[in-house]
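The structure appears right after this line, and notes come after that.
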Amino acid sequence: MTSSESSENSLGKQLWYKRLAKSSLPYARDFIFLMCAVAVVLVTRRLGPVAPGFFCHDPSITYPYKGDSVSVTVLLALTLLLPPVLIFPIELLQQRRGITWSFTRPLRTAVVLGARHCTCQSFLFALTEVIKSLVSRPRPSFLALCQPTNYSQTLCDNSHFISQFECGSLKPSTSHFEELLIVDSMLSFPSGHAATSCCTATFMALYLMARSGGGRRRSVLRSFLTFLCVLYGSIITFSRVADYRHHLTDALAGAALGTAAALMLCCCVCRTMFGKNDHRRPLLPQSSVTSNRTTDTQVTALEDEM
């Protein structure tokens with residue numbers, strides 16, 4: 001092997017390592033940000049409500065506990081799966097008349113945007129938990145879950161606003177889940193379900209408007225999918241009110257918080273995919289070479305952001 005060939009091989013190895021480090025950096029940042037958000041949530045949950053309390057004879061906290069129509073597990077699964085599942089086929093259709101058909105680039109785009117969405121959701125969840133702890137607003141089913149001791153006889157005779165109380169439902173035999181549920185009954189504002197669902201719904205609606213292209217048929221399909229996204233966020237938001245898990249203002253505040261988070265994500269982090277000129281890129285590229293270069297450039301630029 002000549003010296004020139006060996007130098008080329010060493011240069012190729014160096015470039016390979018650089019490419020690997022460059023492509024892994026955004027995911028490493030996402031992981032670090034995710035761990036920071038988890039740490040904030042754990043510390044906030046450990047501290048609990050900052051200023052718990054309730055007003056005597058408040059009818060808004062006397063509702064029964066009904067459980068959750070949409071559980072945390074279902075919401076988490078929808079949050080993680082909906083964006084990639086919807087993004088991948090749309091990105092795949094962008095190249096359906098090209099000379100070459102590639103599953104790698106659409107899948108890569110779906111994974112990158114999905115990772116950005118999950119990072120945004122982790123920060124949103126941490127922010128929601130901090131606000132919950134600071135506000136410490138009791139839920140509509142607070143009395144049913146907490147069962148304050150001597151509530152009707154002693155406490156309401158001494159003070160209009162009760163800040164010193166003990167939950168009678170907290171007993172030595174109370175399970176850890178029930179204990180968390182009782183503490184959670186003092187953390188109503190804002191709604192985490194509403195924030196999470198509306199963030200996903202807004203993110204996907206903006207993606208559809210930016211990437212679905214033109215044409216009457218595509219416009220109808222885009223409008224229908226956008227309507228489904230809005231319906232998804234609305235159903236989960238108002239189900240929290242119907243389940244007596246949140247007050248109406250809690251749900252609306254959570255929806256506004258999630259919508260704002262999605263707007264910031266699309267405008268600041270995913271600006272390459274949601275650029276003002278990106279929606280003008282034709283769905284059916286004239287040249288596969290041009291299409292491949294454009295897609296690679298967009299995905300690479302998206303990974304380099306943040």
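Every residue, even glycine, has its Cβ placed from backbone N, Cα and C.
Whatever TrEMBL says is automated annotation, not expert-curated.
As given in TrEMBL:
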COMPBIAS  285-300  compositional bias 'Polar residues'
DOMAIN    112-266  domain 'Phosphatidic acid phosphatase type 2/haloperoxidase'
REGION    285-306  region 'Disordered'
TRANSMEM  27-44  transmembrane segment
TRANSMEM  70-90  transmembrane segment
TRANSMEM  220-239  transmembrane segment
TRANSMEM  251-274  transmembrane segment
Would you kindly list the residues that approach the transmembrane segment (70-90) from elsewhere in its chain, counting only those six or more residues past its ends and only Cβ-Cβ distances under 8 Å?
-> 106-107, 109-111, 113-114, 117-118, 121, 193, 196-197, 200, 203-204, 207-208, 211-212, 225, 232, 236, 239
Long-range environment of the transmembrane segment (220-239) - Cβ separation under 8 angstroms, sequence gap at least 6 = 69-70, 75, 78, 82, 86, 191, 193-194, 197-198, 200-202, 204-205, 208-209, 212, 251-252, 254-255, 258
